[in-house]
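J.: First, the structure itself, so that you have it in front of you.
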């Protein structure tokens, strides 16, 4: 991918996922100036006519988000189980209508019945601690990554942050190959949404060898989503939580935090990491 610089962006045109507003800057309080802000809108994921969840997201790459979310949440196991995705703006946000296979929709309805009455956060309402861990088969050990290639990948991360370079307001998630080349990526104001978008893109690409690189910290949900989609290595620019490490250990995922030039902290399964 070629390097994108802020100077390469035509600021006279509309940018998907960002818009301009008048603001007042320190030392220039008498003169309003135009500034770019990232968009954050409610996005409803609707499966076979039934609204499943509303997420706050940047309104770009929403088809990839729908596919990646469906995979990382275990609603489907393969892209072919979604027959159609239709993105429709509404007065209050955006609806993403997803047509599921009848088998997967039946499974989703059963899950919704089991979840009835729970609150919105990821862990709240779970009756047993073991319920935090999804029944994901432990990952195989088929991947390796040399940390000498990590700096090259980090230098390319901003390439997928067109909105982020204008606003300073988005997270990035990217797929990097063992040579440290960034093959593709996505951005969003939400780190989980950025990751889901990437996982949706990856599901349609022949990307097998490599790792996930995210610009954020690594929470247990980020680890779980990555493992659910079969990726064996997750690099996070910031730290990992204790639960993220525990989940990564259980699923055989190699988790690396503080992934910065000349630096990396390997938390789990270091046998995949070379130097």
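Going from the start of the chain as shown, residues are counted 1 onward.
Note that Cβ sites are derived from N, Cα and C of the backbone, with glycine treated the same way.
Swiss-Prot lists 121 with the feature active site, cysteine persulfide intermediate. Residues or ranges marked as Mo-bis(molybdopterin guanine dinucleotide) binding site in Swiss-Prot (evidence: sequence analysis): 258, 259, 260, 261, 262, 263.
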J.: What same-chain residues, at least 6 away in sequence, bring their CB to under 8 Å of the CB of residue 262 (Mo-bis(molybdopterin guanine dinucleotide) binding site)?
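T.: 151 - these are the non-local Cβ neighbours of residue 262 (Mo-bis(molybdopterin guanine dinucleotide) binding site), listed in sequence order.
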J.: Cβ within 8 Å of the Mo-bis(molybdopterin guanine dinucleotide) site centroid (258, 259, 260, 261, 262, 263 excluded): which residues?
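T.: Neighbours within 8 Å of the Cβ centroid, excluding 258, 259, 260, 261, 262, 263: 150, 151, 154, 237, 264.
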J.: Given a 10 Å Cβ-Cβ cut-off, pick out the one of the binding-site residues 258, 259, 260 that has the most other Cβ atoms nearby.
T.: 259
J.: Measure the Cβ-based neighbour count of residue 263 (Mo-bis(molybdopterin guanine dinucleotide) binding site), defined as the other Cβ atoms within 10 Å of its Cβ.
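T.: The answer is 12 other Cβ atoms.
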J.: Other than its own, how many Cβ atoms are within 10 Å of the Cβ belonging to residue 261 (Mo-bis(molybdopterin guanine dinucleotide) binding site)?
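T.: Excluding its own Cβ, residue 261 (Mo-bis(molybdopterin guanine dinucleotide) binding site) sees 10 Cβ atoms within 10 Å.
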J.: What does DSSP say about residue 263 (Mo-bis(molybdopterin guanine dinucleotide) binding site): helix, strand or coil?
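T.: In the DSSP reduction, residue 263 (Mo-bis(molybdopterin guanine dinucleotide) binding site) maps to strand.
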